[in-house]
Structure formats: structure tokens, C-alpha cells
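To start, the structure itself, in C-alpha cells.
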Amino acid sequence: MSIKSDKWIRRMAEQHGMIEPFEPDQVRESDGRRIVSYGTSSYGYDIRCADEFKIFTNINSTIVDPKNFDEKSFVDFKGDVCIIPPNSFALARTMEYFRIPRTVLTVCLGKSTYARCGIIVNVTPFEPEWEGYVTLEFSNTTPLPAKIYAGEGCAQVLFFESDEECETSYKDRGGKYQGQHGVTLPKT
């Protein structure tokens, strides 16, 4: 299994629709101002956060249960900047829609710009033949409110291709998050 380069990422996005919308270069400015970068990098793709958020609140519940998650634990927010309360988290989704090839697995890591501010981005791997918008989790580990910027970079996806095709893909298993379009809450 080897990591894939910018040339491979561009080819797969442009010829096979692996990432839509796709930015073939690294974007660092918008309207003359510096932003958190996004687009193709040497061995990865920096994804952007859309403007749809679900901000965690503890007002309506007393326990967090991944098997029986209460939707009322979140406040919906739409905007260019999301403020995450201290020691809390928010869910969002990518602007990009992904179609992962059968021989590919991705690993997604948060960008250091956010990590250096105490904001951790968590995303699980994109499995072979998974497709959809990616649900992102932003944890604010600080005792202060933290900003997340929609339309800017938030994490980097690394693509690994196996030299052998998997026997059963995410699509074959009927994965519960296949084809997700909005911010998707936990499912069992």
C-alpha cells in the first residue's frame, strides 16, 4: 500500500470524479486576504468546511450515548464563521463530495493551523467505495470560544492505494453512512 501523489489525485478527480468540487492547486488567499489553505498538496488534498454546523449543547440531555444519540443535543447553525463554546464540539460537513475507488483507503488529519489553537479535527478513514460528503468533528479543547471558518481548509486527506483489491468494500457491506449529504449524526 502506497501513498498517492498530487498527480494521481488530480487525475482521479478530473477523470473519475473522485472529489467534487475539485481544486487542482493549493489556495492560500481569497479576495486578497490570507485563508486556511485548501486544495491539492504534494501527497494529499486539503478539504474545506461547508457553512452548515451542529453545535453541541448540554441543555437538553444529561448523557451522551452513541447508540441512542439525542438530536436535541445540537443547535443548528449556518454561517461563514462558527463559534464553538469552550470545551465543547461541533459537527460540520465538507464542501467536497468524495467517491473513493475500490482499491483506496484514506486517512484524514486535522490541519496544524487549527491544532496549534487547541482545535482538533477528527474524521474517520474513507473506506473503499465509500461516497458522500464527509462529516467533520471539531473539538474545542480550550477554555475559550473557538472559531471555525466555512469555505476554508480544515483537514488533509491522504490517499493510500492497495496492490490488491479488497474482498468486501464499504458499498458492498451497505455501510450506514454511504451517500450522506448533510451533517450526519451517529447511527448504529
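Placement of Cβ uses the backbone N, Cα and C atoms for every residue, glycine included.
Annotation source Swiss-Prot lists dCTP binding site at K111, S112, T113, Y114, A115, R116, T135, L136, E137, Q156, Y170, Q180, citing sequence analysis. Other C-beta atoms found within 10 angstroms of the C-beta of E137 (dCTP binding site) number 17, with every protein chain shown included.
The annotation active site, proton donor/acceptor is assigned in Swiss-Prot to E137.
In this structure the residues listed as binding dCTP are K111, S112, T113, Y114, A115, R116, T135, L136, E137, Q156, Y170, Q180; their two most distant Cα atoms lie 33 Å apart. Each of the binding-site residues A115, T135 was scored by other CB atoms within 10 A of its CB, and the lowest score goes to A115. DSSP assigns Y170 (dCTP binding site) to coil, not to a helix or a strand. The Cβ of K111 (dCTP binding site) has 19 neighbouring Cβ atoms from other residues within 10 Å, across all protein chains displayed. Counting other Cβ atoms within 10 Å of each Cβ, the binding-site residues T113, Y170 show the lowest value at T113.
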